[in-house]
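Quick look at what Swiss-Prot lists:
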BINDING   G25, G26, H27, D45, F72, D94, Q101  S-adenosyl-L-methionine binding site
Amino acid sequence: MLSEVLEMLAVRPDGIYVDCTFGRGGHSRAILERLGPEGRLLAIDRDLEAVAAAGATGLSADARFGIEHGRFSDVGRFVGARGWTGRVDGILMDLGVSSPQLDNARRGFSFLRAGPLDMRMDPTQKTTAAEWLAEVSERELARVLRDYGEERFAGRIARAVVEERRRRPIVTTTDLVRLIEAAIPFKDKFKHPATRTFQAIRIAVNDELGQLQQGLNEAVEVLAAGGRLVVISFHSLEDRIVKRFMRDEARGREMAGGIFETRSCPRLAVLGKPLKAGDDEIRINPRARSALLRAAEKRAA
């Protein structure tokens, strides 16, 4: 959704922008192409392989560009260290797992590739998916599968995991896929039986939804008046958080101590309806089929 991202960011030649999910640099390169000599772009990624890719592609040699290894919750710290708080003209968050992560068997994200059951977006993080599965309780696992994967057979799969790990460790993607296939009584001919479970475990291991919520809050704090927040989500759990956040900020509501409080001045204005990838992009990249882009603009105080 590159053209949609650029349209909603409305990149100015002298603006300051933050790409919170560098990946392999596609969005960052396009933003840099629209920046003049005074423009600045900060990229962030929690994956060290993505950070290394910035050097390999030559982007790190551009004086207008900088990259940091970190998470969404680090946005405020990185922006503040550059003296940009309240001056950022646009922030992009492209959620979920990246294509390079999915396609690399040793990262353990894909149920279609045999590899270690890792799933860490940040390889420096301590707990792998295999280690998490070895320790999580049956009740908590069922909750994660139900809440993060919307898996109708969450209880069956959780019970099967606990029974299997009593016999032997679950350490590879193949181990987990076989277990799931055996636990599910009915197969969906349009979806692999492991899809929801792999999504749920990945979200839990990486605290994706918690990081998203923190990142959205950080983003609004550092944006300039008129600055834009653009978020691409890939499943309903992510989109629900983004939609609710933008809606509540546009209404002047915020969560404090589990209770919504009303501000006198809303901080955001929602920019139109959510956008979807076009047919041409979906033909080139089928994973874009589920992408949904939402954008909002920060109001003047």
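Note that the numbers count up from 1, one per residue, in the order the chain is shown.
Cβ coordinates come from backbone N, Cα and C, glycine included.
Taking the features listed in Swiss-Prot, we show where each one sits on the structure.
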{"residue": "G25", "record": "S-adenosyl-L-methionine binding site", "Cβ within 10 Å": "22"}
{"residue": "G26", "record": "S-adenosyl-L-methionine binding site", "Cβ within 10 Å": "13"}
{"residue": "H27", "record": "S-adenosyl-L-methionine binding site", "Cβ within 10 Å": "25"}
{"residue": "D45", "record": "S-adenosyl-L-methionine binding site", "Cβ within 10 Å": "27"}
{"residue": "F72", "record": "S-adenosyl-L-methionine binding site", "Cβ within 10 Å": "24"}
{"residue": "D94", "record": "S-adenosyl-L-methionine binding site", "Cβ within 10 Å": "21"}
{"residue": "Q101", "record": "S-adenosyl-L-methionine binding site", "Cβ within 10 Å": "20"}
Assigned element (helix, strand, coil) containing H27 (S-adenosyl-L-methionine binding site), judged by DSSP: helix
